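Okay, so here's the structure we're looking at.
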Amino acid sequence: MASPSASAESNLDIDYVLVYRFSREDKNKAISNFQNLIRALADVGLETEVRNGEDSTLLVFVKAADEKIFNEVVYRSRVRDWLHGARQAQPDKGTENVLTKEPLVPAERFRLVYDMITSEPSEGGAGITPKHGVWENVESIFPLHDVRLNKEWMTEWARKTFLSPQDIDSVRDNLGEKIAYYFAFLQTYFYFLIYLAAFGFSCWVLLGYFSMIYAVVNCLWCVVFVEWWKRQEADLAVRWGVRNVSAIQKGRRDFQYEKESKDPITGETVKWFPATQRLQRQLLQIPFVILAAIALGTLICTCFGIEIFISEVYNGPLKSVLVFIPTVLLTTLIPTISTFLTGFATRLTEFENYETEDAYEKAMTSKVFVLNFITSYLGIFLTAFVYVPFASVLVPYLDIFSLTVKPFAENEKQMQTPPAYSFTINPDRLRKQVIYFTVTAQIVSFALETVVPLITRKGTTKFKEIQSSRAEAKGGAAPPPSANDPPEEKAFLARVRHEATLGDYDVTSDLREMCIQFGYLSLFSAVWPLVPCSFLINNWIELRSDTFKITSECKRPIPQRADSIGPWLDALGFLTWLGSITTAAVVYMFSNDGVGPSGRPSDIKLWALLLSVFASEHIYLLVRLAVRTVISKLDSENMRKERAERYMVRKRYLEETGLSVDKMTRQSLRTRSVSSGGGLTKDITRKSLEDEARETTLRESTPVTRFWGRQKGWAEVEQVGVNLIELKLEGSAETKKGR
């Protein structure tokens, strides 16, 4: 009977794949760094296998081999969670049965193995950080996709209108809480949009634009949604066992401390950086915001003026074509300036020198939000609060923009600005602009986010195939990486090599996109009541396209824990507050049949406008307080009593086991006790791994055991990797000679 072969859909018990890229110029360094990599992984109890990769790369496959060591890692992680209040139940004492009552879900296993790979040696990890320091040759670390699960998600979710709680739990179990929170937020947002979309459609039919009734309901909807989501976050945190998990701060590797000192309460050695010095550095955010506002604001205002001049003043040849000049300028220059400012924001955040990843992410998010706020909303603000009320005053000064069309004009009359008394504003401009950002821009964003990367990747793959075929025909091509693959692993290794070329998924960018979309809804929905209808359709597609992006266009994300959507929740609250102000102003200014003040500021009563804004904001504050109070009553848990009881349980547990907090957080995971009472050295640990691998191979023969049995122990993995590096370097040299 033929032995079963490795299925392309099976992951062969692999936890992670490390892509090791070496330089062709420095052979000794490439070999030395590879040997250090394999030994570092073996030191923490991880088993490895190596295979050939694309170009100058090797694929290092990693799994947690020693059950006792991994059980200890799981146990310590759960005890640490319990000590910080992330877990309600006290873990069972001892590591022997740690997985019996509470088995690992894939996300927890991947997270813990990733910690074993990347944590500092002082914390029991291998300390491997891709593209950093001595690990500069490690290009990436990623888990493999679960192909069967991906197909199941795409097939089932395409037929569903709503995702069930079990679907969200499945995302959490396989991709981690951070991504699950995004999907839960998107699903909750979708639920709420159904009611607002139905009401908005009714108002569009019956009441028209700038309806005060719709504006009030829209503001109330925003308040209820944000407050309800806060409660939903807490419910999910309890359900997933991650309440207060944000208290378990992960230190930043790039944090530069001034000195080390002992915590007077815990006695731990902590790295210290003066808070006053960080505050001084944070004050640089003020000139950064001013710089961003000037750079982006000047560009947007200039393009806005050019567009007004061409569309409403210029009356010469090629007007229908020239009107796209501002669009071309914005499309070309906005990404360039935004990229520069984002890079500057990144360097500024690094200079602020945050100790933890959460603090760094929060600071970076606030800066990115400022940039996105300016680029997303400034154009509409200019139309609503500058063009409409002050057009008759400003238009005569737009003749400076005649330079943009002068080469095409036949005479000066075609570029002459009309006198203020005869100029008439375009009452549809504001509505068309809102429709563009809420419909057209959403479609363009979907194409750029999903369709274009797919076409680009397929085109790149085809181009490489053509290049390879031409080189092979000329006799100068190096053998493909699959040339020496075992036959039963060919399909599997082809999939791994493909996944290694994919990009990383960034859930923060998707959260930012939803936050900006919510801003259009809260700020300008009164202009066009069909905005929620557009977003309802868009978000149904968005959820499926994001699933496709995660499962097909990106590497499988490394699971990360979270107990909320992070700083984006503050951004939602800010947009809701600002929406109460802008909605009141827009409804007041355009209440006369949606035409507005006809470009004459005398038509606007300043006292009435300020009174509308003042009343709207204070009503918002009162409504938010009422909604928050009502929703808080739905949670009947006595949090103070719960915290007190949890503290007593922790204290008793530590006293009974004889453990201290210092031991739980600092003891190395690389050593473990044995029955003889002595500690195992690194060499004995490696030997035990080799013996266990051989015994497993002898017991049974399956694709998994054969995959992990081809190289017996870390020493053989190291030797095979060195041979592959030498073979690739020799092949490269021969190829160059042949050319």
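Glycine residues also receive a Cβ, built from the backbone N, Cα and C atoms like all the rest.
Note that the structure is predicted; figures quoted are calculated from it, not measured.
Per TrEMBL, these features apply:
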| type | residues | note |
| --- | --- | --- |
| DOMAIN | 13-138 | domain 'Anoctamin alpha-beta plait' |
| DOMAIN | 171-645 | domain 'Anoctamin transmembrane' |
| TRANSMEM | 179-201 | transmembrane segment |
| TRANSMEM | 207-229 | transmembrane segment |
| TRANSMEM | 288-310 | transmembrane segment |
| TRANSMEM | 322-348 | transmembrane segment |
| TRANSMEM | 369-390 | transmembrane segment |
| TRANSMEM | 434-455 | transmembrane segment |
| TRANSMEM | 571-591 | transmembrane segment |
| TRANSMEM | 606-627 | transmembrane segment |
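Remote same-chain partners of the transmembrane segment (288-310), defined as residues 6 or more beyond its termini with a Cβ less than 8 Å from a stretch Cβ, comprise 319, 322-323, 325-326, 329-330, 333-334, 337-338, 341, 344-345, 348, 367, 370-371, 374-375, 378-379, 382-383, 387, 391, 395, 398-399, 401-402, 404-405, 417. Here the transmembrane segment (207-229) sits apart from the transmembrane segment (434-455); fewer than 3 CB pairs are under 8 Å, leaving out pairs fewer than 6 apart in sequence. Across all of the domain 'Anoctamin alpha-beta plait' (13-138), the predicted model scores a mean pLDDT of 85.
Under DSSP, residues within the domain 'Anoctamin alpha-beta plait' (13-138) fall into helix, strand and coil as 53 helix, 22 strand, 51 coil.
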